[in-house]
Ligand code: NAD
Ligand code: LMR
């Protein structure tokens, strides 16, 4: 059976994440081996030539699932008919910069893109914002798309989730495939809270297995939360292949669902669960069911977790207020 191709728009297509992402989408890793894709590469004018070069390379791979590539610097064209939009294009943080410094620089990109999505994307559009500050950029885009259900706008914390899986695996000696129910709460920033109190390592509670609050507070949490900065310091550039991998994971899970007995982490619009103000785009434990993310309900939050979740959520409130004052929402 020939399926209709899914239109996938990638902004920042000529950037380093774009380069690590596009070939995996075209090979079927985003949506599965039976789903043909059409790619829309959206860039700024200075990025068009490099995007053309990437498109030539995509052609040269002769991917059986790739049914076309369009390149544009006009968001109204780039998002036309889009079913999935990966908003990657933004200025990355460089050494010494905090994400807050990026609010103004990148906030201006996401309003017009949100409006273009509102006006031109397909009815089933799913949006993942990768460009930083991802949660607040997603909020800006969502606020400019009043006709699109708010839940279709998400921000990426899957990279943080994967980082936390890997650190916990190293500490316990249990492979990541046997770790479940980890959660990243809050902002994709140094205030994020990787929570292992509900996680399971080879079927046993992770916090009890580790049984070391000093390691948790002084090693695990800061290592995960500051990993982005550590990679910038080591590589001289922000994470790219791991970020692209997490974007693939996020959309693949959103479309295909979470495995039975597990959940993942994603920045989704808060419905007020766990005391996170309604409307903020914050990371939660989520399952994906029938193409929708649902926040896992009913988890007990201890004092250790509560103060950390609150700190990260407060930062999101501050970012929302800051972009409000800048007139970006
Ligand atoms: P990059 O500088 O290599 O590429 C960014 C690309 O975006 C460039 O080609 C640029 O021309 C393009 N661009 C800029 N403004 C645009 C616009 N308005 N429309 C379309 N394209 C535009 O950067 P990168 O390393 O690929 O990182 C991209 C973003 O992803 C950064 O904001 C970075 O901080 C962020 N990031 C997020 C995560 C996460 O976990 N959420 C992880 C890694 C990186
Ligand atoms: C990351 O987490 O690697 C990215 O968000 C880059 C950064 O600025 O930390």
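Glycine is treated like the rest: Cβ placed from N, Cα and C.
What TrEMBL says about this one:
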{"type": "DOMAIN", "residues": "7-148", "note": "domain 'Lactate/malate dehydrogenase N-terminal'"}
{"type": "BINDING", "residues": "12, 13, 14, 15, 16, 17, 18, 106, 113, 130, 131, 132", "note": "NAD(+) binding site"}
{"type": "BINDING", "residues": "93, 99, 132, 163", "note": "substrate binding site"}
{"type": "DOMAIN", "residues": "157-320", "note": "domain 'Lactate/malate dehydrogenase C-terminal'"}
{"type": "ACT_SITE", "residues": "188", "note": "active site, proton acceptor"}
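Close contacts with ligand 1, defined as a Cβ under 6 Å from any of its atoms, occur at 14, 16, 93, 131 among the binding-site residues 14, 16, 93, 113, 131. Reported as a whole number, the C-alpha separation between residue 18 (NAD(+) binding site) and residue 93 (substrate binding site) equals 16 Å. Candidate recorded positions: 12, 113, 188. Nearest to residue 163 (substrate binding site) by Cα distance: 188. Residue annotation for NAD(+) gives 12, 13, 14, 15, 16, 17, 18, 106, 113, 130, 131, 132. The furthest Cα pair among them is separated by 20 Å.
Within the same chain, the residues at least 6 positions away from residue 14 (NAD(+) binding site) whose Cβ sits under 8 Å from its Cβ are 41, 43, 47, 48, 50, 51, 54, listed in sequence order.
Residue 132 (substrate binding site) has 188 as its nearest neighbour among the recorded positions 12, 16, 113, 188, going by CA to CA distance. Under the DSSP three-state reduction, residue 93 (substrate binding site) is assigned to coil, being neither helix nor strand.
The two recorded residues, residue 113 (NAD(+) binding site) and residue 93 (substrate binding site), have Cα atoms 20 Å apart.
Checked against ligand 2, the binding-site residues 12, 18, 113, 131, 163 give no residue with a Cβ under 6 Å from it. Residue 132 (substrate binding site) is surrounded by 24 other CB atoms, counting those within 10 A of its CB over all protein chains shown.
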